[in-house]
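Colleague: Below is one structure. I have some questions about it.
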């Protein structure tokens, strides 16, 4: 080192002895991505000398890379026991948390306690963990406000709301149908009716009753439930223009003229030629009273049904002239004038 005039030191000597640069050959340093040929040279150096003496790689002219670049390439990419792409295990996370509390952000030092992990792996893990904890501490994000452009009156409802409305509609319809069915099944019940005539049936042979009394349709009593279905307990309505004459039990009656579903004669069975075929059968059987369930037995009528009555029973009621009208009342006398009126 030569001293310049005036006491100022001046650096002297040749620059870059040996043809420029310590690496020999005057080759410039290379930066950027590594090539496959460079990785092969670095691996061969490690197999020969071990993972050390990184500066000698450039001094020997093996690679135009610095010692630091060669070391980082080996540690982060070329080591055989690297766990690249693997998540940290629970044990590794525990070690990183404890060592970070002890050493601080010394990632290279912490990585020496984890086999197959680099300082970059430890640093990335810690940064991701801190961000996740920050999101948890902030709590759930507030609900997004509806956009003014999308919150118009013509906004279509969501599929979930449509499904809930459809389910509610079907449930209401099912409830209404069930209530209607129960009302039809419990609305009318058959009960035995009381005798509708009060005369002595034993003394009168004009009508002959056969079988039980007819059934009358009455509304159900309070709290009374019917176990039968609607088809059994709710008879079809009576149409007065076509009275239902039960003809199923008549002997020899053709089945084609009987409505098996309700037990009544078809409405059109008496039309045309069917009338000529059914008329003898109708005349050969006793007549059935449609509403009272009574049979008119002509044989039961006695020719002398009135023999027991007294002979003069109808004398007073037959061939007697009407009684004469009563005489008119006499006229009432007019009042005589008083003495005061005359004076």
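Heads up, residue numbers simply count up from 1 along the chain you see.
Glycine too: its Cβ is placed from the backbone N, Cα and C atoms.
What Swiss-Prot lists as DNA-binding region is 54-77, 107-130. Taken from Swiss-Prot, the feature compositional bias 'Gly residues' applies to 15-27. The annotation compositional bias 'Polar residues' is assigned in Swiss-Prot to 157-169. According to Swiss-Prot, the compositional bias 'Pro residues' annotation covers 320-336. Here Swiss-Prot flags 26-78 as domain 'HTH myb-type 1'. Per Swiss-Prot, the feature domain 'HTH myb-type 2' maps to 79-134. Here Swiss-Prot flags 1-30, 137-169, 219-238, 307-343 as region 'Disordered'.
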Colleague: What are the DSSP helix, strand and coil residue counts for the domain 'HTH myb-type 2' (79-134)?
Modeller: 35 helix, 0 strand, 21 coil
Colleague: According to DSSP, how is the DNA-binding region (54-77) divided among helix, strand and coil residues?
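Modeller: Helix (H, G, I), strand (E, B), coil: 16 helix, 0 strand, 8 coil.
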